[in-house]
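Quick notes on the structure that follows.
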Amino acid sequence: MPELPEVETVRRSLASRVLNRTIVHVDVRLPKMVTSPAGRPFADALTGRPIVELGRRGKYLLIHLDQEETLVIHLRMTGRLVHCQSDAPEPAHTHVVFALDDQSLLRYTDVRQFGTLAIMDRANALNCPGRTALGPEPLEISYEHFCQALASRKTKLKPLLLDQRFLAGLGNIYADEALARSGLHPDRNANSLDDEESRRLYESVQAVLQEGIDAKGTSFRDYVDGEGKKGEFQEKLWAYGREGEPCRRCGTAVVREKRGGRSTHFCPLCQI
């Protein structure tokens, strides 16, 4: 699933291509993916609308329109939003196509069909029934606020980092990486960390996310940026996807274990 660095990379790569462009036509081929204000068909509600700003909140891509509305996109597991010219070959699993006023296209493709595209009032774009309230942005939260949140939680570290109410934007990849960099075991209780361990975790979360952005994301299977290019952070991973490979700190083989239906990768020796 695209996480904060991947969605931020998509945002940045699309900004120079679609900002201030106008949507002139929308082709919706899988209606279950889209939602719009009551009484307004999705395509009709977007046709003729200029793209005035691109934002991000956690794992959500925000395409701000005029009239204080926002197209909120969650890529989920396999979603891609790629800008291309109108004569570019169309990939399989293309479900929504936005035609722009410069004759270019924005194509939303999704193999698993879990992604969502919703037109929302901008002020309440991420506050609606069924949507989890998002915690602070991990690259913006202060160390003091982070420590206060940790100290109040008895939850184990790995599920806490995945909880979007705690921090918005981390998923399986960057949670594993932050714990590996900080030398902390995924099963440690959050409120058991001392000051030095809390500092290591805070700095590791920020470091892996920033490095992920700098590397334009992590590409294993589906993820590409808004230009259709793969990321490179997979070459720099310490834990995720490295089962059986040597820990970059101590050389012990990285293990993979299932927790809550998700794979967790860690070093059994130096993550304590």
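Every residue gets a Cβ built from N, Cα and C, even glycine.
Of the residues Arg112, Arg131, TrEMBL puts just one in the DNA site with His93, Arg153: Arg112.
Outside the domain 'FPG-type' (238-272), and at least 6 residues removed from its termini, the chain residues within Cβ reach (under 8 Å) are 158-159, 162, 172-173, 176-177, 179-181, 183-188, 218, 220. The DSSP breakdown of the domain 'FPG-type' (238-272), given as helix, strand and coil counts, is 0 helix, 12 strand, 23 coil. When the Cα of Lys59 (active site, proton donor) is compared against those of the recorded positions Pro2, His93, Arg112, Arg153, Arg262, the shortest separation belongs to Pro2. The Cβ of Pro2 (active site, schiff-base intermediate with DNA) lies under 8 Å from the Cβ of Val10, Lys59, Leu75, Gly79, Gly217, Tyr223, each of which sits 6+ residues away along the same chain.
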